[in-house]
């Protein structure tokens, strides 16, 4: 399992942008130390270090006018186009798409990148998570646990049955 | 009616924050320069009111993903000032060491990923990496050493959690620092090469006339190159303790920006950041850094803002050199932190964030709740100077094709590595050329 990592992007003080850290916070007791849970609050360049050669689940907030708040986007980060993401808030201009391109150029890509984007609506400082985003976060949490259980050889999580 | 031509670029990448730049000019000169910033860090100041004073370092660290240590350091120093806490030198040394880590991280990101593409003619680091992967790789390697310092002393590399009012939650043993030392020695060698490379870049010629010289402002300490402490000094004779900051500097609302503009009362714009530190504290740099600067023919005083990439590289070299020295002289503090009885008071703190002077002021009540917070970030202090640079620079470059002119403006802004609100998105740029009117 040590070749897996869960990485969150986003700022935990900016309303729905905090959904990544929120999911990570919930996952930590279940996963660490076997699976590192890495909160990346803005240093996108460091992604190249932490994701290289790993299998990665990444959680981030996204903004999409045509999707409902709380909608979950599941992307294969190595194969699909990466939508603009609020993770650029503290990236100093290097966004996730650029980090992926840089990773390709420098042979520093993850082996697998499962991106969970959760559509938010309120990104104001000091706002809490929107209820729909919080509900989506808990679904994503369960999906990540199920995925990691599968790859660890354990049985998939059935708590929600 | 004068015809106008508007040039738009979607955004000015590689700066931090959300805002816009508007320049209106014609053949006769520049008529209007407005650096518009939509979101000031004032929200954080309001957000902190009513919170416990111990929370300030962790909350303010979230203002910026690039320089969280600077926010933590200014916050803890202000709180310690309010409580009358005096830290032993061993704890100061550790704080200086973690600050070295942040300078290395932040400056290296700027040098290699954000600013170098301008000098080498690329739109960004990704495009540059296609032709120069080794340059980017070197930058990432150097930055990694900075991350290692912050990770070890801060508890984690991003948004560190080990800094607290009165010291640290946990301090390392001397033995824990030794593996880091080896990494820093290698990083120092690479940093020296960075200086040689940076000096070789092609620099636009831009020196201000004597009457328009910058007023550089930085901290200054009797025996340290400034990071965490010192008094505030300037190249025009300002010399004040940090607690007098509000008597000499003023923040103003401007119509077009929600961020405040900071000026020196009665004198106006001033310049904070690596060049200010360097120009005011050259003699406090380590002998090795001064020697390297001398060998490169780089002078002790620098007034071309495009040379800031060289100054940053010298500061990276210094941070490595200083970090090694601090580890070599390290003695584990007897206690990880000191505490004092909570009481009402007002405290002041200023430290040297990578981008320049970062001032914090807090008032707390008898229960330790924050009743007032004031944060003046480096970018708000440099805003007017950035605008002035563009106003003065454009006439020299107006002969360039518009695309090149835009690139020149963007590069001039990036000289300051602006971190506009430390938590927002991008900067739109609107260059408007108008037909010259007879009047």
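Keep in mind that glycine also has a Cβ here, set from the backbone N, Cα and C atoms.
As given in TrEMBL:
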- B:45, B:375, B:425: Mg(2+) binding site (BINDING)
- B:64, B:67, B:419: Ni(2+) binding site (BINDING)
- B:67, B:422: Fe cation binding site (BINDING)
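Structure with TrEMBL features highlighted.
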{"residue": "B:45", "record": "Mg(2+) binding site", "Cβ within 10 Å": "19"}
{"residue": "B:64", "record": "Ni(2+) binding site", "Cβ within 10 Å": "31"}
{"residue": "B:67", "record": "Ni(2+) binding site", "Cβ within 10 Å": "28"}
{"residue": "B:375", "record": "Mg(2+) binding site", "Cβ within 10 Å": "24"}
{"residue": "B:419", "record": "Ni(2+) binding site", "Cβ within 10 Å": "29"}
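For the pair formed by residue B:375 (Mg(2+) binding site) and residue B:64 (Ni(2+) binding site), distance between Cα atoms is given as 13 Å, rounded to the nearest Å. When the Cα atoms are compared, residue B:45 (Mg(2+) binding site) and residue B:67 (Ni(2+) binding site) turn out to be 17 Å apart. Using a cut-off of under 8 A between C-beta atoms, the binding-site residues B:45, B:64, B:67, B:375 that neighbour chain A are B:64. Taken residue by residue with DSSP, residue B:45 (Mg(2+) binding site) is part of a helix. In the three-state DSSP classification, residue B:419 (Ni(2+) binding site) falls within a strand. In three-state terms derived from DSSP, residue B:375 (Mg(2+) binding site) belongs to an extended strand segment.
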